[in-house]
Amino acid sequence: MNYLITIIGPTAIGKTSLSIALAKQYNCDIISCDSRQFFKEMRIGTAVPSDEELSQATHHFIQNKSIFEEYTVGDFEKEAITKLDELFSKNNIQIMVGGSGLYADAVLKGFDSFPNIKPEIREKIQEQYDENGIQYLQQKLQELDTEYYSKILSQNPQTLQNPQRMMRFVEVCLGTGKPYSSFLNKDKITRNFTTIIIGLEADREIMYDRINQRVDIMINEGLLAEAEKLYPNKDLNALQTVGYRELFSFFDADFTLNFAIEEIKKNTRRFSKRQITWFKRTENTIWFDYKADTSKIIEVINTKMKH
C-alpha cells in the first residue's frame, strides 16, 4: 500500500519544517504543490525553502519552471502523478506539502479538463462585458447552464461577481456548445495511494503576527531588488501575486514604499484567510496546532498506516 502524507495549512504556519522532519523520519522525498514556488525567478517573495532546508530532503517542483512558461494546474497534475509513480517504486511513503489547495486537490482527486476555446470567442465576451457589465455574464450563464448557475448561487455566490471566472464559464459554454458543468469531474478518480492529510493551524492573531514578521524578513532579504528585476515583465500571469504586485505599484509611483509593505502584509493576511477557508473544507484532515510535537504527528500517521 502506498501512502501520500499531505501537509496543508495557511502561509507562514510551519509546513516546510514539518515536511522536512517527516521526510527524514520516513526517508522519502517531498512534492511541493505551492504554485508560487514553481518559478525560479521568484524566490524571496514566495518564501522558497532556504538552501539549508532544501539540502535536508529531496524536493520536487520547487523553482523548476520559468515565469515565461505557461504552466497550468492540469500540467502540474500530470507531472506530479508521474513523479509520484516513480517515487513510490522506491518507497511506499511520500510527502506532499503546500498552500495551494487547487493544486493539492488536483493530485489527490484529479482535475477537470476543459477543451481549448478560440481566443475570438473570449474577445467577444470581453466586449459584451465591457458594454453591459457583470449582469450580462450572469444572465448568459443562467441561460446556458442553469444547473451550474444555481449551484454557484447556493454555494459560492461571490463567484457571480467575479468577471474573470464568469467569462470563463460563458466562453466554455459558447465555445463548445455544452454546459460548463458537463466538463466537471463527475467520476471518482482512483489513485494508487492512500492519502493521510495533516493540517496545521493557529489562532488568527498568531497567524497574522507570523505573516507580518515574514514580510519584514523578505524585505530585509532583498525582496525589493527581486521585484525590481521582474518589474519589466509585471504583466505576466505568474507575477499577478501578493508581494510583487504591491511593489510594482511602488515602482509605478502609485504607492510609497512603506504603504506597499503594509499592503503586502494586509494582502497576505487576506490570502491566508482564503487558504484556511479552502482547507477547512478538505475532508478527513487531521488538524494539529502549529506548535504540536512532531513525534505526536508521527504517532498519528503511523497509527493511520496500520489500519
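Note that Cβ sites are derived from N, Cα and C of the backbone, with glycine treated the same way.
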Of the residue ranges 14-17, 34-37, 50-53, the one that Swiss-Prot records as region 'Interaction with substrate tRNA': 34-37
Feature region 'Interaction with substrate tRNA' in Swiss-Prot, mapped to one of the ranges 54-58, 164-168, 239-243, 274-278: 164-168
Cβ-based isolation winner (fewest other Cβ atoms within 10 Å) among the recorded positions Lys15, Arg122: Arg122
Helix, strand or coil at Gly14 (ATP binding site) [DSSP, three-state]: coil
Neighbourhood of Ser100 (site 'Interaction with substrate tRNA'), C-beta criterion under 8 angstroms, separation at least six: Cys33, Asp34, Ser35, Arg36
For Ala12 (ATP binding site), the number of other Cβ atoms found within 10 Å of its own Cβ: 25
